[in-house]
Amino acid sequence: MAASELYTKFARVWIPDPEEVWKSAELLKDYKPGDKVLLLHLEEGKDLEYRLDPKTGELPHLRNPDILVGENDLTALSYLHEPAVLHNLRVRFIDSKLIYTYCGIVLVAINPYEQLPIYGEDIINAYSGQNMGDMDPHIFAVAEEAYKQMARDERNQSIIVSGESGAGKTVSAKYAMRYFATVSGSASEANVEEKVLASNPIMESIGNAKTTRNDNSSRFGKYIEIGFDKRYRIIGANMRTYLLEKSRVVFQAEEERNYHIFYQLCASAKLPEFKMLRLGNADSFHYTKQGGSPMIEGVDDAKEMAHTRQACTLLGISESYQMGIFRILAGILHLGNVGFASRDSDSCTIPPKHEPLTIFCDLMGVDYEEMCHWLCHRKLATATETYIKPISKLQATNARDALAKHIYAKLFNWIVDHVNQALHSAVKQHSFIGVLDIYGFETFEINSFEQFCINYANEKLQQQFNMHVFKLEQEEYMKEQIPWTLIDFYDNQPCINLIESKLGILDLLDEECKMPKGTDDTWAQKLYNTHLNKCALFEKPRMSNKAFIIKHFADKVEYQCEGFLEKNKDTVFEEQIKVLKSSKFKMLPELFQDDEKAISPTSATSSGRTPLTRVPVKPTKGRPGQTAKEHKKTVGHQFRNSLHLLMETLNATTPHYVRCIKPNDFKFPFTFDEKRAVQQLRACGVLETIRISAAGFPSRWTYQEFFSRYRVLMKQKDVLGDRKQTCKNVLEKLILDKDKYQFGKTKIFFRAGQVAYLEKLRADKLRAACIRIQKTIRGWLLRKRYLCMQRAAITVQRYVRGYQARCYAKFLRRTKAATTIQKYWRMYVVRRRYKIRRAATIVIQSYLRGYLTRNRYRKILREYKAVIIQKRVRGWLARTHYKRTMKAIVYLQCCFRRMMAKRELKKLKIEARSVERYKKLHIGMENKIMQLQRKVDEQNKDYKCLMEKLTNLEGVYNSETEKLRNDVERLQLSEEEAKVATGRVLSLQEEIAKLRKDLEQTRSEKKSIEERADKYKQETDQLVSNLKEENTLLKQEKETLNHRIVEQAKEMTETMERKLVEETKQLELDLNDERLRYQNLLNEFSRLEERYDDLKEEMTLMLNVPKPGHKRTDSTHSSNESEYTFSSEFAETEDIAPRTEEPIEKKVPLDMSLFLKLQKRVTELEQEKQLMQDELDRKEEQVFRSKAKEEERPQIRGAELEYESLKRQELESENKKLKNELNELRKALSEKSAPEVTAPGAPAYRVLMEQLTSVSEELDVRKEEVLILRSQLVSQKEAIQPKDDKNTMTDSTILLEDVQKMKDKGEIAQAYIGLKETNRLLESQLQSQKRSHENEAEALRGEIQSLKEENNRQQQLLAQNLQLPPEARIEASLQHEITRLTNENLYFEELYADDPKKYQSYRISLYKRMIDLMEQLEKQDKTVRKLKKQLKVFAKKIGELEVGQMENISPGQIIDEPIRPVNIPRKEKDFQGMLEYKREDEQKLVKNLILELKPRGVAVNLIPGLPAYILFMCVRHADYLNDDQKVRSLLTSTINSIKKVLKKRGDDFETVSFWLSNTCRFLHCLKQYSGEEGFMKHNTSRQNEHCLTNFDLAEYRQVLSDLAIQIYQQLVRVLENILQPMIVSGMLEHETIQGVSGVKPTGLRKRTSSIADEGTYTLDSILRQLNSFHSVMCQHGMDPELIKQVVKQMFYIVGAITLNNLLLRKDMCSWSKGMQIRYNVSQLEEWLRDKNLMNSGAKETLEPLIQAAQLLQVKKKTDDDAEAICSMCNALTTAQIVKVLNLYTPVNEFEERVSVSFIRTIQMRLRDRKDSPQLLMDAKHIFPVTFPFNPSSLALETIQIPASLGLGFIARV
């Protein structure tokens, strides 16, 4: 189409920019033909006038739509040009953190300078088996493509990794080799893949160095061939090296280092084994200090040295050789420190006893004088004579450096040879994959011979690359049958001819090297004369006559001629080499052997490979004087030959290209420098690939994809039934130029830009449709708005009018109401006035009447009171007369009472003082409060008595005073009468005065007594109040303490309960982890056994020697040769003679190291399995103990010994009782039976006596077992370990006998040494275990002795207590118990104070001992119950026998006829649930029931688990017969046969499910009928009678449990193999909801798949397969809990594989795909609901996938969205969330991408989340399986044996 159609307004273009290389801009107006200027708007907001080139008129490059940016394949872009490629790489690298991108057949890898979690084994598993175009670009995808093409096309492959130094070539090659090592595995036990990977650290240490561009730059090229056998497993490898940079050994530029190995040696100089090397710091050596940068940040040279030595050991380089290598390297360092002193201009000398040279000679084992001489002289040979010439100081220094380089190069080649020998395999190589790690195009300021060779190699590789790309394009066009047009591409053959043709640059250089006086200047002149102005690719610099310029495919490079000849000749003095060859150090002459030995045909072809597998690379030029032709080859000639061989190898293989890009020169992580990137893209051929693709038809669509995408551009009438014709018709209308597209068989091919044009048409059509939709919707919205407003206006009018009417009605109501209110109000006012007046009148009347009534009352009252007064006065006068009479009596009483009061007062004073003392002594004592209170009460009583006395005294005093007053008055009145008695008056006055004085004294005493009483009362009250307050405080404190104690107890209880719950959960988690580890070990053990069998089979096939009796057949059962034992315990029970393989071992030398490793590994696994089992038992016991701890704690300390003693006595009494019953039964039998029947010779008598005798013996045995209970506890532990050691020694002895039969003496010696070390190790282990067991036994003996003493003491105390009366007995027992507990607590406190750990261990041991004793006693109980059952059975048989004989024998027959056995027919109900078979029929039973049984017929026609029931019934019969050999043989054959069936038909789900179900049922039967109480409680009484009576098969239960675990793991593997091809297609690729997922909006160049589509799977396919699995398991009668576990594992596999592929496929991360995934998950959940499996935990395994689907669907813009995502995606790791957001790709241009800032926000919010950094889920993870006990209700006696099983030789019993 015309440019005017493309360059329209708003079109975006790319314009050149000096800083950013390319800058984006937008057109501000349409372009018209003839315009000289384009008006552009830049992204930074500026406007620009862009002038077009007036000569060419070329328009700027158009920019791809945003929807196309970030594509996985650069060739999928619509516009293919440099800015589009650069921008796409930048967006993927910076925004999406994606370092890999496809460019056609090339994988572009950008070095992130950061460790990324994308190379783990989970990533390898995700890419394994996938098509290259289905997954995101990755080095693993390229490796997988190469591996699949090798297997499919039977053609060797090559992976060519190139790029600048620091671009990541070595790392990419390393990851490719790791992928091959992981997915293929090795064909032997020697772990070849580990050796291949181990070669990397060795080669990096001797071939890598730090440069200014890279800290780990490879300074050599290498091509590694990884060999595979016919089964495509790694068998070996071979390495070729190219152009080692030898000059780095003697010179390093600023900020660079020498090879890593030198610094590693210096860092490890302090190791004892390196003392002899006399090394020091790297700065002390001339060859390591020139760069001034001896350290690399983040690298520990000492650790790297340890890794290097470890790798050397793994590759078989012995310790002596390693020390030899280090010795030579140290010698090179010391040689660099050798200094020269000038004598004159032409000669020099070395100082005498020069220390560096002395150390060098000592290390190299050469003569000091000789080496010193030839370092300063050289030998010249002419045609007639030879003479020695001294050399100058400069020449001597150059010779020294040349010698150092030569030694290092020889050592490098020697190490490469030994690495190749270690990687060599004796198995014939079928195919190989080569990995080429070679330097990319280089150009520096000064370019020399090394850059010339590197760029020459890149010219050859680029030519091969161009031819391959051209070939692939041609094949694609021919495949689609479209017209082939010649594509013009750059051909660099002229440049190659300039370099390597006759009279080319290399040819002239070799010719100049042959000239005696050839120089760099003369060589330059020859170049100018030959090629200047004759070859367009050769130029001469203007300002130099010692340089030349070559126009390479990438850029022009100017080479300096100085040094070309010297480097090409690589001259080393012959005399110096001779001195080294004469070294006493044996390893040094090996380095200088003739090159013929290094490339001998035998060494190249001995392994059956082509001679190209070992090619000598860049050997140095031979010394002067040698005549061999190959030693005269120059470095350039050798490099050209090796390069030709390399190109021949690459041309014979299918190449795969990896181009590594260095994003910046500063090693900043995820920093993209556009200038440097463009330079490398041009140099590595990526842009050439783009140009070739753009010249053809880069965009390719299938017809269905095109129709789905551009259906909007078609009219209804254009759509036909034939989609292909529809697409043709539409394209002819849309694109008029038919040259812009071509129709292939399955695809439409578009030229560059056509898809973008179609996208523009589609966008325009959609935009026009959007405008029309918007117009219609806007009109509809406005009309809808108008109608709404109209309805609103009418509604408002209606409501307003209604409101007005309501207001008027309200006015009328109010008017009427006001009139009514006024009427009633007026009436109310008048009525209230009337009521007030009436009330006032009533009040006045009431007050007046009251006044009159009160006056009348007063008058009556006065009269009444007058009468009373008169009565009172008269009474007073009478009393006064009486009082006067009593006066004298009262006075006497007063005197007496006063005297008594004084006495009482003194007494009270004394008591008061005693109270004060008591208070001082006992104040504050709470315990005396009650006594004080009582005394206070007594004092109060006394006080009251005193107060009453005082009151009486006052009364007497007052009465006396009154009497005296009356007397005085009377005397005064009768003074005259008293004159006669004057003397009497005086005496009376004196007496009055005396009485007054006494009265005053009494008053004062009364006052003091009252004061003291008040004071005492106050003090007493204060004391009481204080005591009450203190008592209150004490009570409060007591309540507080009680409350605190209760709270603390509650908190402690809660804490203990919470801790117990947490510990229980942790123990359960630990139990699951241990169970998982144990089951993984079982899986590893099975894998090793299978590998062992495979090795034996391969050895047999390799020998091609027929072996009688061991030839494998196609039947379901094979010979014993392919059997593998299950475990060490199981192996002990097998009665199989050891097999020898003398015919094989005598004819073939076996790999003894392989057998020793295998035997050692098997032994280790068996020991680890036993340890894991013990640990598992311990964990389960710990969980049990934690649950029962609270219940059993009160009983642990006190009742152990009593319980044991009483239980033993009870058992002994029970045994005695049983024995008595047996004797009574025997006596009764002898009395009741007829004499003839019970005669000693009668058969019945003999049968009965034998049975009774056996029962009696059994009882005696049980009694002895009870008596030796304690000894058993001690001996059980001692009997286990020696048994294991004995088995180990037996296995070692058998292996030694096998080894001694081999012929190879070297291997026998090696095996003997290994066995000696093994025996020494076992002996030391045995001695240590013996000592520990002896110590433990001694401790147990001491404990037993102490327990015996304690038991005796307890018995004595018990006997004493029994003699006491009941009350005293109880008191004595309590006292004894208190004493015992006190002593025990004191002992424990002392023990805890002295050693808490010992105290804790003592408690644990005590508890364990009690548990063990209880278990032993429980076992004895069970034994007694079994004996009772046997007695009952015998009694029943005896009764039946008596009755049967009495009924069937007549009296005459008793006398005359001999007794013969009578067969009594039994009814069906009398069957005992056992099956009888002969021992010789055991193999037939196993064959018919296991080996040749078809699960389908059994599952459909018979009861589930029938084989398990039959086998158990046979075991029951063998147990009934007490035949341990028969039980062992049957169980062993059963287990081995099941293994054989699963090994033969292990890929059949139905078979594996069938035998998993039957194995579990067999295991449940062994538990159900074991006789253990925990299993018997679910049985019926009849089933309990069927329990095993003679054997405890607990060990076989463990063996069967392990077998069931292995079968379960195999079932999971079968499930995974069946489901894996369906999951990605059904869950991700298939459109379950049609029309939701849009087609990719570009002509996505779907990379050609190496595997054709094998059919499309849908979600229905997965559901049908799940239904099939479920129905098969149900038909086989699998336990429901086990089915739930299988379903959970299936759903985990579905979720993990789906999520992993989602995280590795950018095209699947879209909104529509999230909806599809969510719908698919809902269908799976619906399936779970239909099957009633929602509680199986399967739904939870899909939670990560559900959250990933939700993450694709939610908004991803604001901070709130980020918060919602962080809270929602709790089942996804941070790496997974960020990966999904980075991969999120809109399906169309109307959807926005996730911004980088939003992703950063998510990362910031999730930075504190502690989760795994792993990106992918472990799809290989298997949940630990458990087999919950599921008893069967099926009665064994009712089971019928179908005739179809062919088991007629067994009989029901």
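Using the three backbone atoms N, Cα and C, a Cβ is placed for every residue, glycine included.
Residues annotated as region 'Disordered' in Swiss-Prot: 598-634 (among others).
According to Swiss-Prot, the compositional bias 'Polar residues' annotation covers 600-610 (among others).
What Swiss-Prot records for 643-665 is region 'Actin-binding', and it gives sequence analysis as the kind of evidence. Beyond the ends of the region 'Actin-binding' (643-665), by six or more residues, the same chain brings 89, 93, 103, 105-113, 139, 142, 145-146, 149, 153, 155-169, 172, 176, 213, 223, 240, 242, 434, 436, 440, 456-457, 460-461, 464-465, 468, 612, 615, 671-673, 676-677, 680-681, 684-686 to within a C-beta distance below 8 angstroms of the stretch.
Mean pLDDT of the predicted structure over the domain 'IQ 1' (766-788): 92. The domain 'IQ 1' annotation in Swiss-Prot covers 766-788.
Residues or ranges marked as domain 'IQ 3' in Swiss-Prot (evidence: sequence analysis): 814-836.
According to Swiss-Prot, the feature domain 'IQ 4' maps to 837-861.
Swiss-Prot lists 862-884 with the feature domain 'IQ 5'.
The coiled coil feature in Swiss-Prot is assigned to 914-1237 (among others); the stated evidence is sequence analysis.
In the three-state DSSP reading, Thr1032 (phosphothreonine) counts as helix. Thr1032 (phosphothreonine) counts 10 other C-beta atoms within 10 Å of its own C-beta, drawing on all protein chains shown. Positions annotated as phosphothreonine by Swiss-Prot: Thr1032 (among others).
The region 'Disordered' annotation in Swiss-Prot covers 1105-1134 (among others).
The annotation compositional bias 'Polar residues' is assigned in Swiss-Prot to 1116-1130 (among others).
If you look up Swiss-Prot, you'll see 1314-1443 (among others) marked as coiled coil, on the strength of sequence analysis.
Using a 10 Å Cβ-Cβ cutoff, Thr1758 (phosphothreonine) registers 11 neighbours. Swiss-Prot lists Thr1758 (among others) with the feature phosphothreonine.
When the Cα atoms are compared, Thr1032 (phosphothreonine) and Thr1758 (phosphothreonine) turn out to be 65 Å apart. Within the domain 'IQ 1' (766-788), the DSSP-based counts of helix, strand and coil residues read 23 helix, 0 strand, 0 coil.
In the region 'Actin-binding' (643-665), helix, strand and coil residues by DSSP number 9 helix, 8 strand, 6 coil. Thr1758 (phosphothreonine) falls within neither a helix nor a strand when secondary structure is assigned with DSSP, and so counts as coil.
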